[in-house]
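Just below is one structure, and these are the notes that go with it.
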Amino acid sequence: MVPPLLLAVQRDCKVLDLCAAPGSKTCQLIEYLDGCGDATLVLANDSNIKRCHLLVHQTKRLRSPKVIVTNQDASCFPSLYAITGDRLVKALKFDCILADVPCRYRLPSRIFCCRFYTYTSGDGTLRKNPFLWADWKPSGAHGLHLLQCRILSRGVEMLAEGGALCYSTCSFNPVENEAVVAHVLNKFNGEVELIDVGDRLPGLRRVGGVSTWVVELLLRDIPFVRPLNFSEAEEAVYLCLWRGKESFVAMLEKCEAKSMLILLAGPVRAAELWEKHRN
């Protein structure tokens, strides 16, 4: 599994896995930190309580005392605080964060109160999960875009300066991949930047990210989605994005604290402001 390899966790790292269940990547991170100092921490979170039980079962096999499992919505994960040696309370920031965002989401209809729309993506796994063909549509990623933007934004907020965040999906749709990364880069206005980690796995077959794509129209009761052409972005930046056979990976690094520019969510606004601030 590529994302934990790219994070390259080190001794005494505080690691947060925002969407951890079923726990395979979390166990990989725990094994990397086996035998490290007492300051090491792996916090594994998932929003689904049933999947959290599976996560506990998976991590318990490793018998590590440095694992904490939480059941929270990753898009609004609560701030954590730690007591330092001089008894001062400060916000806990993480050195490494993994955001392997969900590819399935249920959203209540704005017209029919008892009806739910289930957005299914994960088209990178269609070969090993052929049952996805029954529910998969190109527009499925639209219902996931805003959730994925919120999760990645919350991860950046909880990242320590100089820390690394790995954003990954099991989708080929740019709305879930490049559009989410573009939104966050614009939202934090230089506080976070893409980094090239191609030297960490030189033998991995991959291609760079795309810079243009078309978004299709969704259901009429979802007003925040409309047809658009994503404008051409800076090609050098998107070469840092990885596309493999079944996944998309982007590595972000937290820079020195700067004033934040809060933007509207969505791939349309992200594209417009990308060009504005680049010029």
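Cβ coordinates are placed from backbone N, Cα and C, and glycine is handled just like the others.
Keep in mind that TrEMBL annotations are predicted by a computer and have not been checked by a curator.
Take the CB of CYS170 (active site, nucleophile) and look out to 10 A: across all protein chains shown you find 19 other CB atoms. Here TrEMBL flags CYS170 as active site, nucleophile.
On its own chain, CYS19 (S-adenosyl-L-methionine binding site) has ASN45, ASP46, SER47, ALA74, ALA99, ASP100, VAL101, PRO102, ILE151 as residues at least 6 apart in sequence with a Cβ closer than 8 Å to its own Cβ. Residues or ranges marked as S-adenosyl-L-methionine binding site in TrEMBL: CYS19, ALA20, ALA21, PRO22, GLY23, SER24, LYS25, ASP46, ASP73, ASP100.
Positions annotated as domain 'SAM-dependent MTase RsmB/NOP-type' by TrEMBL: 1-221.
GLY23 (S-adenosyl-L-methionine binding site) and CYS170 (active site, nucleophile) have their C-alpha atoms 16 Å apart, to the nearest angstrom. The two recorded residues, CYS170 (active site, nucleophile) and LYS25 (S-adenosyl-L-methionine binding site), show a Cα separation of 14 Å.
Neighbour list (ALA21 (S-adenosyl-L-methionine binding site), Cβ cut-off 8 Å, at least 6 residues apart, same chain): ASP46, ASN48, ARG51, CYS52, LEU54, LEU55.
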